[in-house]
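Visitor: For GLY568, MET569, THR570, GLY571, CYS572, GLY573, LYS574, THR575, the entry in Swiss-Prot reads ATP binding site. If you look up Swiss-Prot, you'll see 1-11 marked as compositional bias 'Basic residues'. Per Swiss-Prot, compositional bias 'Gly residues' is recorded for 34-51. Swiss-Prot lists 79-89 with the feature compositional bias 'Basic and acidic residues'. Per Swiss-Prot, the feature domain 'UBA' maps to 175-220. According to Swiss-Prot, the feature domain 'Helicase ATP-binding' maps to 555-722. The region 'Disordered' feature in Swiss-Prot is assigned to 1-107, 121-154. Per Swiss-Prot, motif 'DEVH box' is recorded for 669-672.
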Amino acid sequence: MSSSVRRKGKPGKGDGKGSSRGGRGGKGHMNKSHGGGGGGGGSCGGGGGGSRKASNRIWDDGDDFCVFTEPKRPSRPCDSNKSKGETRPKWKPKAKVPLQTLHMTSENQEKVKALLRDLQEQGADAGSERGTSGEEEDSEPQCGEEQGWPAGQEPIFLPDCSPWEYIGPEEVEPPVPECAVSPLAVQKLSRYGFHTEHCQLALRICDGDLGAALEHLLRQCFSETFGERMALSEAAVYVSLNECVEQRQEETLALKSICGEKFIERIQNRVWTIGLELDYLTNKFCKSKQKESSKNVRDTSPETCKFYLKGNCKFGSKCKFKHEVPPHQMIGRAERNVNDPHLDADDDTTFMYELQIRFSKDHKYPYQAPLVAFYSTNENLPLACRLHISEFLYGKALEFAKTSEPVVYSLITLLEEESEIVKLLTHTQHKYSVPPVNVPPVPSETRISKPAYRKPVVPSNTFLSNQMLEGERLSELEEDADEDEGPASIIVENESYVNLKKRSYKRYDRPAKSLFAENSKICRQFQMKQASRQFHAILQERQLLPAWEERETILKLLSKHQVVVISGMTGCGKTTQIPQFILDNSLNGPPERVANIICTQPRRISAISVAERVAKERAERVGLTVGYQIRLESVKSSATRLLYCTTGVLLRRLEGDATLQGVTHIIVDEVHERTEESDFLLLVLKDIVMQRATLQVILMSATLDAGLFSKYFSYCPVITIPGRAFPVDQFFLEDALAVTRYVLQDGSPYMRSMKQIAKEKLKARHNRTAQEEVEEDLRLSLHLQDEEESVKDTIPDQQLDFKQLLIRYKGVSKSVIKTMSVMDFEKVNLELIEALLEWIVDGKHAYPPGAVLVFLPGLAEIKMLYEQLQSNSLFNNRRSHRCVIHPLHSSLSSEEQQAVFVKPPMGVTKIIISTNIAETSITIDDVVYVIDSGKMKEKRYDAGKGMESLEDTFVSQANALQRKGRAGRVASGVCFHLFTSHHYNHQLLKQQLPEIQRVPLEQLCLRIKILEMFSTHNLQSVFSRLIEPPHIDSLRASKVRLRDLGALTPDEKLTPLGYHLASLPVDVRIGKLMLLGSIFRCLDPALTIAASLAFKSPFVSPWDKKEEANQKKLEFAFANSDYLALLCAYKGWQLSTKESARASYNYCRQNFLSGRTLQEMASLKRQFTELLSDIGFVKEGLRAKEIEKRAQGGDGVLDATGEEANTNAENPKLISAVLCAALYPNVVQVKTPEGKFQKTSSGVVRLQPKSAELKFVTKNDGYVHIHPSSVNYQVRHFDSPYLLYHEKIKTSRVFIRDCSMVSVYPLVLFGGGQVNVQLQRGAFVVSLDDGWIRFVAASHQVAELVKELRCELDQLLQDKIKNPSMDLCSCPRGSRIISMIVKLITTQ
């Protein structure tokens, strides 16, 4: 809403009509002071009788209609969905929602008026100067008066930063605003000798990262001078990184002893600086010149723009003030405020000259020359001289690298030699010390449109411009110049999503000449490699795999068909061999036909392990021709032609590279898993193959359902590869109980309770058909009880008693049947698994020795079993080293995951405890035994929560076969399924339901809209083209939830909030809670609540101690909020954890908390922090693993994110407000009965209603009840008649489990929908959500103030979400709005 048109009232004649926008005025003259008739409470000129003079103020005290009485008409209950059959309440008193009054103190009113007045005046001034409107106007900061040049008086000069004006047609989005580049960062970079325009370009390319921008400029500068000399020598390739790091550490100690405090290691093994005192340079350039020059500049130039200094001037090149930072502001504290750890000083000691040594990650110094930079604060030293000194020093470093000698001390000595350096001072010109040459406009036919929200790509001036492919963006020249510096150097990146997204918007094509040269080199190396003994030895092993026999068939089909489906059993070699068949075939051909292959994997560990395996088979290290890329990590180089990546990484690339330019083959592995991402990728690829006839797609499945995929791609050909495995004996639960002689003890947690047995019997009776009921009654009446009695196969085992189980399992011992009859089949029995492991390790059987693979549902079960085995002397290795135990889970580090592939010493049994990650994604060769718990975590839609959740479910028959196939790789194997044979044959599904049909679709909707190819399509039309579309009702519900959250517009367009939620792989409501927690600086508590919502509540309630557990929970309660009670409990746990593990255990036991749930929440908090860091909402570079390592007890998030992100972490009212924004529209109205009164000696007193008399109603579901586990269960009075909830549970009645009271201001300021103000019976009613939520404003002024403040807040949140790097603390407009919101929520 434009601030310049907020008031439509006219100061004129009276009798105007009241409206939510103000009164309709009369025809009074604007240039006179006659008062208008006002009308119904108009704004300018006021309302009322018309006797007051018109005022130019926005609000006046006389406009305040003080209406404190509530309207007499009772509020209308919103129960439109009440079913006809619902019984009326038994009590007679009518219940109603108390209509609360929206108050605001006079002090707060004045402050809000002053704030809005300032904001609107600035907006009006900005609008009149600019003459534009819309999003561009809203997103710009507010500036002071007379900031821009008067119309027609603008000075004529070229704009500072305009290269993007030459890229693309007019509809391309406006350039990155100047606030994206800090003037302090530009000034800092320029002191290395680079011109400010080069600095600005580099900073934009590197997303404001000062260290990365410096390295980018240095490489660009040095590559033009030294070219191929910068290449890594062949000797350095084979040197280990550990050896290089050790030598650097030794040199560090030597430099510290020689240079003392002048030497500083800014970043360990990355950045060194040495302060220098070069008096001869200071004396050579007289300081008087500087003073004279600066004086002339001050006399002739306009003063510096104050908004530019703050980092954001909306007028840009039209501003009449100077966009430069004065030299006096660049020293001291201001200079150190540049937020870059690579360059910041650790203390206040400064030197006029500094030598900086920089090492990239995995740098091979001293076998490889480091980047060398000469830095000076001497403003009289010419920029060109600084660069010539840096080049001279780098040349010396290259010479030392040939002999692998340390170079830093030698460089210091060279700088102190006046005779050597003075020679360089005669060179006063350098290409990078002057502005770059203007880039010519791109011809219109080669311009390429950009997708929505795409950041502009800044071109670079390089020498490759004449070698570009047609249609390639100019920005690629810069990247290719870097790539052509030498042979393929492996780049290991921890790349954030922000940087990945920015890079993805550049074309992936490379210059034809550069690509041909690189391919020629790769072909030559491959031909040489084929002659080596090592390669031949590995090739012979590869030829033993079943996939090798189909090599010619596969290549022949690919030469004729664009899409091929390959079905192969686990272990046939399809994942490792088929990509190599394609690559090797292309390497034996001409260089211009070399393949560029991407192979997707469903999990991170798969991408890493397979890439390392394939690289080993090719007798090279990973990162050369074979690399991998996962979220936040990539190991690849310019020579990589086979890239293994996760499905999500490829989908992210598609956001900026819609047709996968430069890619020749896409291989989608494990398509049979039918994940949401893989099904969506198939839809995208089906579109791309229609556009790119040269792109080939190979789908690989480990099951025999390949026909479905073949049909989806127009009946493309299918190849079936047989598996290679030894016979595997398959056993079930009854067999496991027999061999281990396991017996359930009384009171065992794995025993079914009597209540559960009764429940199962009741369930079985309900599930019977009418015919089965008749048959059962007839059997009982005729006493048909013979030996041949049978039990129907449709009845599950858990619904049978001992006698029925005897009938079903003939030949099984009674002791086993007795155990089965009382066992809880829904639980994973860790005791039985331990007993099986003892049987296997003891070796009292005929099976050969080998590794054991145990499949468990999730990380919690893995931890429990691991700890349980550690208390068993057979497994803990305290007496003898008989076993080694490895957990395997996707959240573990790469090093921990790789340990499972290491073969143990002779006589030691390797036990791997894994989730279904080991089912198809990876192959562990030495596994002989498999224990299948029969359970897995599966994403499901939780109707109670209205969101996605991970639930324990039984595996399918296909899953069970895959798990069985993991055994028998090297010898005859054994597989124990911990479910019965009957359950396997009659209860398990043949295939799991595709994920897309059982999960909420909000995330996929957002992902579809973020892709350029689907951004303008109707969601229904896109979903209908999926291989197996979800139900239309599921899509409809997801669209409603997205609109309620503000992520999607009614016409299905993505909002800025939706854009960022699409980048967070979490439920959209949790994502919104995380974002708002970051914006309002209460991050840590917001993440704690988000982790609980995403996982589960840590409060536990044992059957025999329910009352005691509820009382303990009430001790944490305050502000009528389950979420704030959770927050208190979690804080207490963190404090106890910092004391000791024992204290943590006692705290959980005493307060009925689950320690494992709290640990899972802590892990989730760290993951959420990483995600926010990844998209730029908290400081970049935060990684969950690093946070966990640095945490000294607790989760470590508060310390990692810093005080700035948690300024309001102790403000419970603000936390509730942020929660309101995330959970809305999950609001419950509290209806209270009409008052009862009691006579007393002092008069009549109103009685509090009983808790049972309160009624709770939702907008869509009618009446609900508060769950007994909630802290609000027995509450008799709520200060506010509105509660927020997260989850509904339907049993005999509909319950809301956790809820939190929310007051007036959070609802008005953060609730969904538009705020409406209406005059009803003399009172101004503020309403939300079509009148579902209503308040009475204390006055018209209060109503309008709140409404206008809500508009400003909405706009500010949009600006922040559009630009996550915007600092609301330093932004004058943002900080004032946030402060006012916090004050109103806290004090009113």
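Quick reminder: no glycine exception, Cβ is built from N, Cα and C everywhere.
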Visitor: Taking each of the binding-site residues MET569, CYS572 in turn and counting other Cβ atoms within 10 Å of its Cβ, which one has the fewest?
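Guide: Minimum Cβ neighbour count within 10 Å, taken over the binding-site residues MET569, CYS572, occurs at MET569.
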Visitor: For the recorded ATP site formed by GLY568, MET569, THR570, GLY571, CYS572, GLY573, LYS574, THR575, name the remaining residues of the chain with Cβ within 8 Å of the site's Cβ center, in chain order.
Guide: LEU545, PRO546, ALA547, ALA702, ILE721, GLY723, ARG724
Visitor: Which residues, sitting 6 or more apart from GLY573 (ATP binding site) on the same chain, put a CB under 8 Å from its CB?
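Guide: Spatial neighbours, sequence-distant, of GLY573 (ATP binding site): ARG542, LEU545, PRO546, ALA547, TRP548, ILE721.
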Visitor: When a 10 Å sphere is centred on the Cβ of GLY571 (ATP binding site), how many other Cβ atoms does it contain?
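Guide: By my count, 20.
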Visitor: If you draw a 10 Å sphere on the Cβ of THR570 (ATP binding site), how many other Cβ atoms land inside?
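Guide: For THR570 (ATP binding site), the count of other Cβ atoms within 10 Å is 21.
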Visitor: Is GLY568 (ATP binding site) helix, strand or coil when read with DSSP?
Guide: strand
Visitor: Which whole number is the mean pLDDT over the domain 'Helicase ATP-binding' (555-722)?
Guide: 91
Visitor: Excluding near sequence neighbours, so keeping only residues 6 or more apart in the same chain, what lies with its CB under 8 A of LYS574 (ATP binding site)?
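Guide: LYS574 (ATP binding site) has long-range Cβ partners ALA547, ILE566, GLY568, ASP669, MET700, ILE721.
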Visitor: Which ones in the same chain are close to THR575 (ATP binding site), with CB under 8 Å and 6+ residues apart in sequence?
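Guide: The answer is CYS599, VAL610, ASP669, MET700.
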Visitor: Counting across all protein chains shown, how many other Cβ atoms sit within 10 Å of the Cβ of GLY568 (ATP binding site)?
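Guide: Result for GLY568 (ATP binding site): 27 other Cβ atoms within 10 Å.
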